[in-house]
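Copied over from TrEMBL, here are the features:
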- 41-62: transmembrane segment (TRANSMEM)
- 82-100: transmembrane segment (TRANSMEM)
- 106-128: transmembrane segment (TRANSMEM)
- 140-160: transmembrane segment (TRANSMEM)
- 166-185: transmembrane segment (TRANSMEM)
- 205-229: transmembrane segment (TRANSMEM)
- 235-255: transmembrane segment (TRANSMEM)
- 267-288: transmembrane segment (TRANSMEM)
- 300-320: transmembrane segment (TRANSMEM)
- 332-355: transmembrane segment (TRANSMEM)
- 361-381: transmembrane segment (TRANSMEM)
Amino acid sequence: MTDSRGQIGLTATVIVAAALPFLLTPWKAQALGPSGRGEVGYFGAAFTIILACAALGVRYAYYEVRSERGMRVHLKAPRMVALAYGTAGLATIGFVAVGARSMSVAVIVGLLIAWAISPVQLLTQTELAEAQSALKRKRVAALSSTPALFESVATLILLVVKQMTVTASIAVTTVSEVLRGLVGASFRRRDRDRTVPALDVTRRILVLSPVGLLPILVANADTIVFAWFVPTAVLGEYSVAKLAINVMLLVALTIEGTVVRAGRRVVAGVVAGLTICAAVGALLGYALTPLLFGAGFDATRYAFIVTSVAGLLGALFTLVAARQSWNGRNRAVNVASVIAVVLIVSMSLILGVQWPGAPAWALGIPAIVSYGSATLIAVVAGRKGR
């Protein structure tokens, strides 16, 4: 009972922290304007993908090795940093090329800075995997919530002093991720005496990188593609509604450590709980958007319903992937990951070309198909692989 209450309390804390920036979104949107809101949305999506590329799927590789060894894993830093810079660099080149077409210099510079700090994500993901594996809930909460808490405080200050600009917003996002890295580094130092060398996990990381990238790519790749076709104002409206996806993924990340070990009854309870969270998110988004943003944001209001469904499916896949990695069954999850990424990119391209005037709610359809397909493939193939 105590363990269950602790998990519920942790999850609630993370959800509240993730939702705090949303409460400031109406004022932030007014300060930035439609064009600025679209630029910030593009940067946020590209920034997240760059860091995910640098992470190299290390969290899932860590789960696999940790379950075999039963102890904390030590990674070879120079080799991992080189890989992180390489993969993140390829992503950065693509985003800079796309952004140079319509984004400001601040966005381009911000993306280059994101590449420079991208190896920090290796540290934070490794520490998060260790905290999940060892059920260290306070560490999970600290690593998951630090960026959102800092971003909320910094955004509020900038709004009060009327200095909220695209450049300032980009700076806040970047610093918040650096702070998460510092939190991870502090945990690393505390556990140094208990850290032991393990098997070389480089090969496993390369194999598992699609699994680690899928939830992030599907959550953000559509924004990158739509930047070519839809007005920045519509892109900004859709970015607001994607809070539902981000919160659901964060919830899944928070409870990952429990689910990888859980029995069927607990897993069924988790699925039911996630479904309720998604339904509540859809209702709140639908009801509160007009109050917070005004009648002009009806598209965002309906988009919350679509993104809540996508967020539920994304959370389910995140948990399925972690559970399969813990049990050493990764081939099916990799296949599902690749298919999902192909689906989200191709469907976003088709939607952008065939329906350039699509409302914000329609932009979430590719994410539903992508996450849903990946979850179904991973579950079915995982059962066959037993």
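Cβ coordinates are placed from backbone N, Cα and C, and glycine is handled just like the others.
Those TrEMBL annotations? Automatic predictions, nothing curated.
Note that the coordinates shown come from a computational prediction; the quantities given were computed from them, not determined experimentally.
For the transmembrane segment (82-100), the neighbouring stretch richest in Cβ pairs under 8 Å, chosen from 106-128, 140-160, 166-185, is 106-128.
Between the transmembrane segment (361-381) and the listed ranges 106-128, 140-160, 235-255, 300-320, the one holding the most Cβ pairs under 8 Å is 300-320. Take the transmembrane segment (106-128) and the stretches 140-160, 166-185, 235-255, 267-288, 300-320: counting Cβ pairs under 8 Å, 166-185 has the most. Note on the transmembrane segment (300-320): residues 214-215, 218-219, 237-238, 240-249, 251-253, 255-256, 259, 270-271, 274-275, 277-279, 281-282, 284-286, 289-290, 293, 333, 336, 340, 359-365, 367-368, 371-372, 374-375, 378-379, 382 of its chain, located 6 or more positions outside it, place their CB under 8 angstroms from a CB of the stretch.
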